[in-house]
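Enquirer: Copied straight from Swiss-Prot:
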type	residues	note
BINDING	14, 15, 16, 17, 18, 19	FAD binding site
BINDING	274-288	NAD(+) binding site
C-alpha cells in the first residue's frame, strides 16, 4: 500500500457539518490538516431539512460563532428566510432559525474551506484506521493508499453500515444516492468500541409548481435576525422567501392506519431507535391517535430549484403508499414527487468510551464527533466538530483539552450529557436540557464564550474586541441606570426598576427618558434589557452555580478503582467504572448514581488525599 508523502497533524474523515467545522478550526489553529471525503460535491450537504437553528440548536450555532467556528457565517450567507422562534416566550427560549439554500450552503462552505491555509481537501473513502494498538497513526482508503497523521477525527455521519429502508425494500447506503461505509464499523469493533444502531429519516421532496399554495397559510420570515454576532442590523444578501403551513386529513390517517404493516418501522424491519422529537408520520398517527390532523410545513430547498421539503411527513412507507399519503394532504392533491421519503439505520459509538474532549478512551489520538456519538442534527454535529478539531490540535501541541462547562454553554451541556448518559435514542439539543438556561441565552453567547475563541486562535482580535466592548457597555449602563433616579408614576425610582416592569421595553425607556438613557443600538440594547429585567433570576442562578462549583470541579484520579470502594452501591461501581468520569460533577450526572453514592465517593477521595 502506497503512503501519501505528507505526515499531517490532523486527519478528518468525513466532510459533513462536524467534519467541516473540525477541519476548519484545526487549520485555523495552525495545524496541517487533511479533510478526507468520499465526494467533494457533497461537502456540508444538508441531507435532511434545508434549515439551520431552532430551539436549543440556534443557541448552539451562536456559540459556535462566539468560539470562532463557521456554521453561523455560512448560514447567514445562504439564508433565504430568517425567523426568531418563541418570540412571545421568555428570553431563554427565544432562538434564531433560518431556511437556507442547500446548494449555496455547500458552495459557500467548500469555497471557504479551500481558502484556509494548511487545509488539504481530498476525495477518498476511508476504509480502516491505522494504529499500533494504543495510538492512532493514520487511515487507509478504499482506493488503496494510506495517509499518516498524529491525530484522526472521525465524523462519519449516518454512513457507518448505513441501511436505507423504503417500505419492505432495504439497501446499503450512507444516504440516498451515496454508498455506505462498511470497513470503519468493522475496524472500530476490532479496536473494542461498543457499537449500537440508531435510525433517522427524511420526508419526500416535491415539485413546487405542482402544489396549491392558495389553500395553505403563508409563513413569512422576520427582520433583523441572523446567526453571526454583529454591532449593526443584518440585511440578508439573498432574496427572502416564505414557507407554508398545511395539514393532514382524515384520508391521511386512514391510509396510514390501513398500511401500517407495510411501514419498515412498524413492520419490524428496523432495529435502530429513532429520534423522539422528530417522529415519522406513521409514528404520530399511532402515538397521537386522538388527533385528527397534523401540521405539515412546506419549506423551499433553494432559490434555483423547484424542490420543496415536506416537514412533518417523514416516513418509511413503500413508495406507492407515500404517493397516496402525500396526495391526501390539503394542497398536495396533485403533487409531483421528486425524491422518495426513506428511513436510514446506522452505527454509532456508545458514549462511555469517549472523554468530554471527544477523544476516544480506547485509542489515543482518535476523536469522534457528530452522529457517530449518537446525536442528531447539523448544529449538534458542527459543535462537536469544533471541539474535536480544537482538541486534536491541543493533543498534538501537548496542551490540556478545551471542554466548556454545562454552566456556561449549551455545547458544554451536550458534551457532558453524551459522556455521562446512556443514550436510548438520538440526542437532540433543547433549552430544557440546561439547568441555567437564563444565563445561556442566544443573545449573550459572544459575551460568554468569545474569550475562549480568542485564546484558541479561532476568533480575530477585532471580533473579540467587539464582544468585549458590548459587554463593557452593558455593565456600565446597568450601573449608571441603577444610580439614576427619576419619578415614575407616584414614586421616584432608579431607571433599572422602571425597566424591570414587564410592559416597559428598552426602546420605550429611551423614548421617555432620552437625556438619561444611552442609546446602545437595538442589538446591545436588547441584551441590556434582558440583563436588567431578569436580574433577580440571573443573580439567583449565578449564586447556585458558585455553590455547586465547589464540589462540581473536584477531580477524580484516572486510576481510581471503584470496585475497591465497598460502600458504593453495585450499580454505582459498575457505571462509574464504565463511564470513568473526570470530575465529581460528571459522576453525579450519570443515571443511576445517587446522592449517597457521591457522598461515599467524596469521602473516599478525601481519604486518599490524606
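Heads up, the Cβ atoms here are built off N, Cα and C, so glycines get one too.
Keep in mind the model is a prediction, meaning the values are calculated, not measured.
Show me how these features fit into the shown structure, please.
Expert: Secondary structure at residue 16 (FAD binding site), as computed by DSSP, is coil. All protein chains included, residue 16 (FAD binding site) registers 28 other Cβ atoms within 10 Å of its own Cβ.
Same-chain residues at least 6 positions away in sequence with a Cβ under 8 Å from that of residue 286 (NAD(+) binding site) are, in sequence order, 260, 266.
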Enquirer: Determine which residues of this chain, when 14, 15, 16, 17, 18, 19 are set aside, have a Cβ within 8 Å of the centroid of the FAD site's Cβ atoms, and list them as they appear in the sequence.
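Expert: Surrounding the site, in chain order, are 12, 20, 21, 22, 37, 44, 155, 157, 370, 381, 385.
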Enquirer: Would you mind ranking the binding-site residues 15, 18, 278 by how many other Cβ atoms sit within 10 Å of each Cβ and giving me the lowest?
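Expert: Among the binding-site residues 15, 18, 278, the lowest count of other Cβ atoms within 10 Å belongs to 278.
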Enquirer: Using C-alpha atoms, which one of the binding-site residues 280, 282, 284 comes nearest to residue 16 (FAD binding site)?
Expert: 280
Enquirer: Taking 10 A as the limit, how many CB atoms besides its own sit near the CB of residue 284 (NAD(+) binding site)?
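Expert: By my count, 18.
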